[in-house]
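Could you have a look at this structure, given as structure tokens, before my questions?
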Amino acid sequence: MLFRSLLSTAVLAVSLCTDNASAAKHGRFGQKARDAMNIAKRSANAVKHSLKIPVEDYQFLNNKTKPYRVESLPDVHFDLGEMYSGLVPIEKGNVSRSLFFVFQPTIGEPVDEITIWLNGGPGCSSLEAFLQENGRFVWQPGTYQPVENPYSWVNLTNVLWVDQPVGTGFSLGVPTATSEEEIAEDFVKFFKNWQQIFGIKNFKIYVTGESYAGRYVPYISAAFLDQNDTEHFNLKGALAYDPCIGQFDYVQEEAPVVPFVQKNNALFNFNASFLAELESIHEQCGYKDFIDQYLVFPASGVQPPKAMNWSDPTCDVYDIVNNAVLDPNPCFNPYEINEMCPILWDVLGFPTEVDYLPAGASIYFDRADVKRAMHAPNITWSECSVESVFVGGDGGPEQEGDYSANPIEHVLPQVIEGTNRVLIGNGDYDMVILTNGTLLSIQNMTWNGKLGFDTAPSTPINIDIPDLMYNEVFIENGYDPQGGQGVMGIQHYERGLMWAETFQSGHMQPQFQPRVSYRHLEWLLGRRDTL
């Protein structure tokens, strides 16, 4: 999950009561949450219900892993299967700096591979994805209780969710990082220690994530390649959804937002005069010329460095849009623009871009019984950290105190060239990282000897996976069984990089379009040649 301030300073001060000291802790990229929170070896189909696996058949249960085993979870009224969670130190013997993990081995035929998932933020817990995106069960906002996830990534592979960097979720330690290189160095140490506990060697490794993890994933993947150690770091591919890979505020948000509104105005409901005002800003601030020149195939050339002038709000068309849309739709969610009122109860306390918990409700992972069951430390858990996980002030390309270069400049090309199996995807209903902004970033990246894609993406993604989540309900109500979704996106592959545009999906693609995300993972793992 990726966060930034979407409201003007005046509106924040009045309606969210955010003081300057709090706002100064985070850059534009990460402030949003804090304002409110103060060809396959095997094939595997999506499944509705899994068979219970006897404990004696658990693949990774041994004397070292036994203390991490999770036997049950509160409010989960079905068998968890093989599951582990807890803390593993970054440096052996120093438990004061430890990362928290959840590990769910595949429920199918055993595979010698690990798929790592990282949420973004920066500072947002990967337990969000575990519980609401791609874990073995999901508890979505507005739903009564957890249910089995027929499109869980655990159907296909062994999945490891990690709260990182230090200061995120249940992880322990005082943040010290000012760069992605430091975070990747910590993760390399943690991951090797984790593998030694679980007796893992010579596994294929895939690194995945979303949002600000568009920075984590390439840097950690590149660090794995740099280890030159296939026993522990045999990187075979990477995936990043709605990722911060290029210049975030100008290229991935501000420049493409007006065309985005024009395309989706049935959801924004802006009148003709306001649309004309937006179009005028789009042209006068140079965004139209920038898109016309650089969002072309093949790439027209290296894009000039761009940065927003935050002292002059005239060209901050993104915030103008986000403020205005709250009038026709007070429950507008930039993570998924088709959401309308009411704001749904969310067991993680973050249903849209605002912190919301009804009276009498509790945050699931902050419950004492849940912490005990998951071997978690007795600290306050929040979906995103209140304090910054970087200590570089408001510097760096995203004003988060993270001074590393944007991934398109070096590490992402390195990972593509080192694996020839990288997927970058964007959801068309995401207004936090916009689809055309991500494409603009790709068109400014040189990999395997060429700049950008030569050809505009156009090949459809046809999803023939049936509806396994809700089919029983529809059948009970007299409807015919629901089949595949049909065309749900656009794919394009060149020189080791797969582009995937997902229709009707917001920022968290495994949550909003789980069948499409399942197909993406099949490709990443080498189970398919195309999407």
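Note: Cβ is positioned from N, Cα and C throughout, glycine not excepted.
Okay, these came from Swiss-Prot:
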SIGNAL    1-25  signal peptide
CARBOHYD  Asn20  N-linked glycosylation site
CARBOHYD  Asn63  N-linked glycosylation site
CARBOHYD  Asn94  N-linked glycosylation site
CARBOHYD  Asn155  N-linked glycosylation site
ACT_SITE  Ser211  active site
CARBOHYD  Asn228  N-linked glycosylation site
CARBOHYD  Asn271  N-linked glycosylation site
CARBOHYD  Asn309  N-linked glycosylation site
CARBOHYD  Asn378  N-linked glycosylation site
ACT_SITE  Asp430  active site
CARBOHYD  Asn436  N-linked glycosylation site
CARBOHYD  Asn444  N-linked glycosylation site
ACT_SITE  His507  active site
Measuring Cα to Cα, how many Å separate Asn444 (N-linked glycosylation site) from Asn309 (N-linked glycosylation site)?
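Rounded to a whole number, the Cα-Cα distance is 22 Å.
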In whole Å, note down how far the CA of Asp430 (active site) lies from the CA of Asn271 (N-linked glycosylation site).
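Roughly 22 Å, rounded to the nearest whole number.
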So which recorded positions are near His507 (active site), with CA atoms within 10 Å, out of Ser211, Asn228, Asn309, Asn378?
Ser211
Using a Cβ-Cβ cut-off under 8 angstroms and a sequence gap of six or more, which residues of the chain neighbour Asp430 (active site)?
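In sequence order, Asp242, Pro334, Tyr335, Glu336, Ile337, Ser505, Gly506, His507 meet the Cβ cut-off.
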Quick one: Cα separation, Ser211 (active site) versus Asn309 (N-linked glycosylation site), in Å?
23
Check the Cα-Cα distances from Asn155 (N-linked glycosylation site) to the glycosylation sites Asn63, Asn94, Asn228, Asn309 and tell me which is shortest.
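Among Asn63, Asn94, Asn228, Asn309, Asn63.
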What's the number of neighbouring CB atoms sitting within 10 A of the CB on Asn94 (N-linked glycosylation site)?
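For Asn94 (N-linked glycosylation site), the 10 Å Cβ neighbour count is 10.
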Between Asn436 (N-linked glycosylation site) and Asn309 (N-linked glycosylation site), find the distance joining the two CA atoms and give it rounded to the nearest Å.
22
